[in-house]
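To keep things clear, I will list the structure first and then write my remarks on it.
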Amino acid sequence: MRITIVTIFPEMVEVIKKYGVIARAVERGIVEINVENLRDYTTDRHRTVDDYQYGGGYGMVMKPEPFFRFYESYVEKYGKPYVILTSPQGRIFNYKIAEELSKKDDIVIFCGRYEGIDERVMSIVDDEISIGDYILTGGELPAMVITDAVVRLVPGVVERESVERESFHQGLLDHPVYTRPYEYKGMKVPDVLLSGDHEKVELWRRKESIKKTLAKRPDLFLAKELDEMDKLAIIELFRELMEKC
């Protein structure tokens, strides 16, 4: 997979490929992450990427020419990519979209700034994505969020078993996790986790995931198709509830 982020602040974005899982994926050649400075595709000595908007109004608008110059150069070199514009008007990013994008071979992400991008650029954009209903100063952080979430789902980046056990992949929030010490400030690790009984541990984890999801994200639970472990966990939770009555 190749991901190219187009921005006027390349130094801000470069760090994403220098740390952790993504850095290892880049080093191993599983993914290629490039950061392009949009100003390199300007032609004036001031490297101008914005201008006043027609019709008047507050704020500057990003000019179309640099985006088209980049795009045409890119297509000539690599072929047509899947182009994403980070935008508060886009569809809200989630795990399902991350899975969808992880199957793409070549992604370009345009980072918006100022009051927006000249509408004509939309003729080369395939998708608009937002990371939430709030306004940021630019599209760099959303581009990094999208890249991080997508890359870790690319086969070989993270162990498949780890991905399959994550929140959202199973349609449930994660169960509580603990590490040493066994007791801290009077709070103990649940004994079932020290039992060595893998079936009991798995059942406990699923019960806790269901409880947490029902409390915090009932929408996820309502959309989930229950498997056998889910049903066993719900029966066990009901029994525990009845015993307390």
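Cβ from N, Cα, C; glycine included.
Database features (Swiss-Prot):
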type	residues	note
BINDING	G112, I131, G132, D133, Y134, I135, L136	S-adenosyl-L-methionine binding site
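Locations of recorded Swiss-Prot features on the structure.
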{"residue": "G112", "record": "S-adenosyl-L-methionine binding site", "DSSP (3 states)": "coil"}
{"residue": "I131", "record": "S-adenosyl-L-methionine binding site", "DSSP (3 states)": "coil"}
{"residue": "L136", "record": "S-adenosyl-L-methionine binding site", "DSSP (3 states)": "coil"}
Check: Which site among G112, G132 has the most other CB atoms no more than 10 Å from its CB, taking these as binding-site residues?
Finding: G112
Check: Residues with Cβ closer than 8 Å to the Cβ of Y134 (S-adenosyl-L-methionine binding site), same chain and 6+ apart in sequence?
Finding: P88
Next item on the list: Within the same chain, and leaving aside G112, I131, G132, D133, Y134, I135, L136, name every residue whose CB is within 8 angstroms of the centroid of the CB atoms belonging to the recorded S-adenosyl-L-methionine site, in sequence order.
Entry: P88, S130, P142
Item checked: Maximal Cα-Cα distance (Å) across residues annotated as binding S-adenosyl-L-methionine, namely G112, I131, G132, D133, Y134, I135, L136 -> 16
Notebook entry, point to check: Under a criterion of Cβ-Cβ distance under 8 Å and sequence separation of at least 6, what residues of the same chain contact I135 (S-adenosyl-L-methionine binding site)?
Noted result: P88
Next item on the list: Would you mind ranking the binding-site residues I131, L136 by how many other Cβ atoms sit within 10 Å of each Cβ and giving me the lowest?
Entry: L136
Item checked: Cβ neighbour count (within 10 Å, all chains shown) around D133 (S-adenosyl-L-methionine binding site) -> 7
